[in-house]
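*Asks:* First, the structure itself, so that you have it in front of you.
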Amino acid sequence: MSRKDGFLALLVVVVWGLNFVVIKVGLHHMPPLLLAGLRFLLVAFPAIFFVARPKVPLTLLLGYGLTISFGQFAFLFCAIKFGMPAGLASLVLQAQAFFTMALGAFVFSERLQRKQLAGIALAIIGVLVLIEASLNGQHIAMSGFMLTLAAAFSWACGNIFNKKIMQHSPRPAVMSLVVWSALIPILPFLLSSLLLEGADHITQSLITIDMTTILSLLYLAFVATILGYGIWGALLGRYETWRVAPLSLLVPVVGLASAAVLLGETLTGMQLAGAVLIMAGLYINVFGFRVRRTARVSG
């Protein structure tokens, strides 16, 4: 991975890590499914009038929108509704990286080398340490945990659809994909909000919306979605899934740090240890070969 693409990947990690703080702020005044629906509404409109429809099969576009957008966030919000702590959900959701690599090996016959497997194993240990730290003193409903894993699997399926889309076109328009795929989850989210959150709650939330919620929506739509998914999709189309997907493991690290700084939450020793293990695993997985090549040239 080039330095430029590495920087872009880390930018997405920071944006998505801060996303959890923004979501928490936005949910103070608006129910989750409505917030998610409005997020994608802002992504699609008015941009859809200025961005050409992507030249990809409709089935792939539908699959992408229903998995990475609606499926991921519908399962995630239901998990939190059924008792899954939001912080722990942000960690368990990172299982998408391993689902993506497994699906990549099955669908695209991508081969993982031993150095990558070692890095992934180290990162998995780090995630488990973070989860153990978050589970300490908390009661977790099994339904919430399983729904969070379903959200992670939906995200991974979306990554695979994205890879297929990128393979379909030699020069894919990433922003076109992001904008047009945002159309797909709008109706499912709004219908789900109407059924699960109620018309009265929706009306009250819209009538009393404040500037904090508006700014949260703008961040979720234009920064986390258009910028974040646009860059992420381009990287998945340019590199093997095993190089890109594990980078998302840094998202909960940024999430924990930003929550500590912006929300006053504290990091325990176990959380710090987990973060270090994840970063070490990512270094081995993503940069291991480049270090060896550089060493050979220098020698």
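Quick reminder: no glycine exception, Cβ is built from N, Cα and C everywhere.
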*Asks:* Is it the case that Swiss-Prot assigns ASP5 and TRP242 to the same side of the membrane?
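*Replies:* According to Swiss-Prot, TRP242 sits on the same side as ASP5.
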*Asks:* Would you say the transmembrane segment (7-27) and the transmembrane segment (176-196) are in contact under the rule of three or more C-beta pairs closer than 8 Å, pairs 6 or more apart in sequence?
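*Replies:* Taking Cβ pairs at least 6 residues apart, the transmembrane segment (7-27) and the transmembrane segment (176-196) are not in contact, as fewer than 3 fall under 8 Å.
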*Asks:* Per DSSP, what is the residue tally for the topological domain 'Cytoplasmic' (109-116) in helix, strand and coil?
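*Replies:* Split into helix, strand and coil, the topological domain 'Cytoplasmic' (109-116) gives 3 helix, 0 strand, 5 coil.
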